[in-house]
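Trainee: Below is one structure. I have some questions about it.
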């Protein structure tokens, strides 16, 4: 019997503003889409928090034995500066400023994004589509929206008429905004725009002559609107109606509101059952901003190369710190806060290291089954990681009492307890045992150095066939050798 059948889950739905029982469209299967990064700069810590929250959600669904299709996109075209329809594409602007091809910018920051997520022990999504890889699908959606009369072409661009859409639907259903108020608070276009209404948004933009990123379409050589990209990619891989759509709270309006409108205009149905949004990350009580210097990149935390923190902190400590707050709560990052988290993380890991030495008794003096269910209850309550972590520290207390002989545990309970705590720490929260990792790295270094010594001896004996064989097999394992004046070094 799958674990999910005995662990009912509640999710806070931004659409209803309430916690709701989670019931997937197809039993045992979860379709989840999360808006990924626009790859024009280094991923910032707030982004990492959002993606980490959904990484834990993905992990927990897998732990509950669901089959999950997790789609997280890469936006590599169409995201206009200031998130409006007029102006310059963010990637094109970066390319112009740095005198690069747009796809060089995309490649550089996509690699950075993946490197950071790997460092923080993220599971890869099931599918990671790019906007530029789905231009045809986006054009087809635009055609359908035009056919409904809600989309209209103007001078080579295509816009979504929110007023016409709102006649039969509710533009503002997710954000709680009222279209009349939005229109009243928007300046008159005064003939300076091709839009019928100030709140109309672009489905397709005609490219100016100097615009590099462009594709042919029935309306012009141009590029798709930002909101359309996620509609095309989510529905292609998850269908017109799927379980979960997530992202940062800043995407609720206009991005996610526009996605709902596009889907309903195109298919006649609401696309998503559960909308989930993560809250922001502040730094020393203030909003992060590059312009004010109140900013820190993930890599700067790991290296210690910053003016904010007293020292470097590991990826696992940073991850542990972030998960101590619920994903819907504002989290303030500071030197004091992450230093305290480091102490807690070390306490947890020390307890786990001591667990294998615990001796089983004939019976248990603690209800370990109740503790285990309390861990599930925390995660089943809208993925409440801080409550789960509190339960893990309760387990640390149990382990210390067991070490001191002040509590007892049966062999059956010890096995169940050990399996559960390791699953919640490593599989669900995605933490890493850094001491074990460091030990493995030391062992690897020792083995490679031994092979380098064997290779050096083979070269001295003029046994070049063996020397080349050792080098080639190390390369096949991803280990590069570099011969220099001071000897041979290696990199992975």
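From the backbone N, Cα and C atoms, a Cβ is placed for every residue, glycine too.
Worth saying up front: this structure is predicted, and the values here are computed from it rather than measured.
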Trainee: Looking at the candidate ranges 4-14, 15-25, 26-36, 37-47, report the one that Swiss-Prot labels motif ''HIGH' region'.
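Mentor: From Swiss-Prot, the annotated motif ''HIGH' region' range turns out to be 37-47.
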Trainee: Tell me which of 277-281, 282-286, 287-291, 292-296 corresponds to the motif ''KMSKS' region' entry in Swiss-Prot.
Mentor: 287-291
Trainee: What is the Cβ neighbour count of residue 230 (Zn(2+) binding site) at a 10 Å cut-off, with all protein chains included?
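Mentor: Here the count is 26.
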Trainee: List the residues of the same chain that sit at least 6 positions away from residue 259 (Zn(2+) binding site) in sequence and have their Cβ under 8 Å from its Cβ, in sequence order, or write 'none'.
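Mentor: Set apart from residue 259 (Zn(2+) binding site) by at least 6 residues yet with Cβ under 8 Å, we have 227, 230, 231, 234, 245, 271.
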Trainee: With an 8 Å cut-off on Cβ distance to the 35, 230, 255, 259 Cβ center, who else from the chain surrounds the Zn(2+) site?
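Mentor: These residues sit around the Zn(2+) site: 226, 227, 229, 231, 234, 245, 247, 251, 256, 258.
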Trainee: Any idea what DSSP makes of residue 35 (Zn(2+) binding site), helix, strand or coil?
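Mentor: Where residue 35 (Zn(2+) binding site) sits, the three-state DSSP reduction gives coil.
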